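Per TrEMBL, the features are as follows:
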type: TRANSMEM; residues: 64-90; note: transmembrane segment
type: TRANSMEM; residues: 96-116; note: transmembrane segment
type: TRANSMEM; residues: 128-146; note: transmembrane segment
type: TRANSMEM; residues: 166-186; note: transmembrane segment
type: TRANSMEM; residues: 198-216; note: transmembrane segment
type: TRANSMEM; residues: 236-256; note: transmembrane segment
type: TRANSMEM; residues: 277-300; note: transmembrane segment
type: TRANSMEM; residues: 330-350; note: transmembrane segment
type: TRANSMEM; residues: 403-424; note: transmembrane segment
type: TRANSMEM; residues: 445-466; note: transmembrane segment
type: TRANSMEM; residues: 478-497; note: transmembrane segment
Amino acid sequence: MITLSFWDKYRLTAAVTSHLIHTTYYPQHPELGGVDSEVVAAVDGGIEINAAGYKDQLKRQYGFWDIVGIALTVDNAWAALGSSISVSILNGGPPGLIYGLIVALFWYSFIGLSLAELASSVPTAGGVYHWATIAGGPPSLVQITANVSVQLYAVYHQGTYVQKAWHVYVTYVALLWLSTLFVIFANRLVPYTQTLGMFFVIVGGVVTIIVIAAMPKTHASNHFVWGSFNENNLTGWEGGVAFLLGVLNGAFTIGTPDAITHIAEELPHPKRDLPRAIGLQISLGFLYAFVFAIALSYAITDISQLQGGINSYPLAGIYQQATQSQPATFGLLFILLLTSLCCCVGTVLTNSRTYWALARDNAVPFSSFFGQVNESLSCPVESTIFVCLFATGLGAIPLGSSSAFLALTGSFIVLTTVSYAIPFTANVLTGRKYFPPGPFHLGKLGNVINLIAVLLIALFDIFFFFPYELPTTVESMNYNSVILVGTIAVSVVWWLVHATHHYPGPKVMQLYIHDDSAPLNSIEVLEKTHIAENLPKNEGGSA
């Protein structure tokens, strides 16, 4: 056995990272994960270290199609579009919905390319946090599921049932905790739920589109679908501003490209599979959402009945107008419920892994408690429960504000895109030299793509701070700026109180940025044969 110094260990890591040496570990127990040519690894006293700088604690149980299932299910694009359509109904109607979605695709294509490159280079459960020490997730996705569930009841109780905010909240809490318990105690079954969710998203989307396109006795005019923006702009803003505000609907439809990066340490081949899954999520999500948006628009026969405010749920009304049938409306909403239930499980999964990654690096309060993993369940139980408790509190916001759902949607987009912009900007400013090229690399176009992503984030996030409608009241005010500043303020206070004394930064930094701040590419790389000869032998396997 050759003893390596601290510096030699990280030089070895850099060499393995740069050359993607194929090394086989745990030949008799592949379910334990180990590492391969797709995973950054170093040998530290005989312990294999993953891309985050830690020994694997979670089983690498997700194959490529499992991760695609999670991506499509958590994104749930056509369902997210339909469930947040109240934004576009007021911001230009169908034209605002369709054109806004196209603009959102253009915007998120640059974000997706930039994220895919980083995920291919450094695949860790921290995701954006490990690239920029900040991350976030949408409690509003579970809110959508709660809304759908309440609407299923309302379909058969029209005239006697009046939806109340607390009805949605109680359903939201029940679904949230059921999903949390499933993630904790049935973790090995989670991949199957996401594959099932992918089936519901794809097949359910096709069925829904066919039904709402074929059943209406009359369809909306081409002018209504493609050219009625001004007459359906009820925000009080001029057309251009109203349109940019309405892009929020499209952004929320596509806006979860980083979600799957947080289970990178549960994938056998994250460097290869994450970029492909991100690409499929954005492209297939847009395709379904785009066709669904057109079908919905032609199915609307009386938009005035749908313009009940930003917290209303007009999708059920559109289904009713399209089918003129309570059973058909119930069936379409039930399809949406099935996709959303699987989405809830995926959302809890990815958000719990994010908080666990933060706790593992001592970046949050009570890190030693929340950074634990129950190895028998292969789940960070404490972090999962905390995320659920936090989301339970956030879900109560709509009880006291008429614009709360839009606030949650808008703040989700703002906080996540700001977190994306930080590593993109830093990567450009440092000459893109600290991230070793992975299987997916943007090459010479990287600077341009990263800069366009950052500029578009800045543009749209500024507009997402504007009031939703004019004139503005206290109840309808846009509090996204308050949420962003509050988040930054809490982070700064925590940094001053805790991080300056107890937070060394994520271990992943030690693998890529060294004491002399020399970029990884400037470190002399050891020859592949030399590394292979000096790595410790594993019983029954090769070096």
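Indices start at 1 and increase along the chain as displayed.
Glycine residues also receive a Cβ, built from the backbone N, Cα and C atoms like all the rest.
What TrEMBL says about a protein is an automatic prediction, not a curated fact.
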Taking the transmembrane segment (277-300) as reference, which of 96-116, 166-186, 236-256, 330-350, 478-497 has the most Cβ pairs under 8 angstroms?
96-116
Run the contact check on the transmembrane segment (166-186) against the transmembrane segment (330-350): 3 or more C-beta pairs under 8 Å, excluding pairs closer than 6 in sequence.
yes
How about the transmembrane segment (96-116) and the transmembrane segment (330-350): do they have 3 or more C-beta pairs under 8 A, pairs 6 or more apart in sequence?
no
Let me spell it out: take the transmembrane segment (198-216), skip the flanking residues so only those 6+ beyond its ends count, and list any with a Cβ under 8 Å from a Cβ in it.
65, 68-69, 72-73, 76-79, 284, 288, 291-292, 295-296, 298-299, 301, 318-319, 321-325, 328, 332, 335-336, 338-339, 342
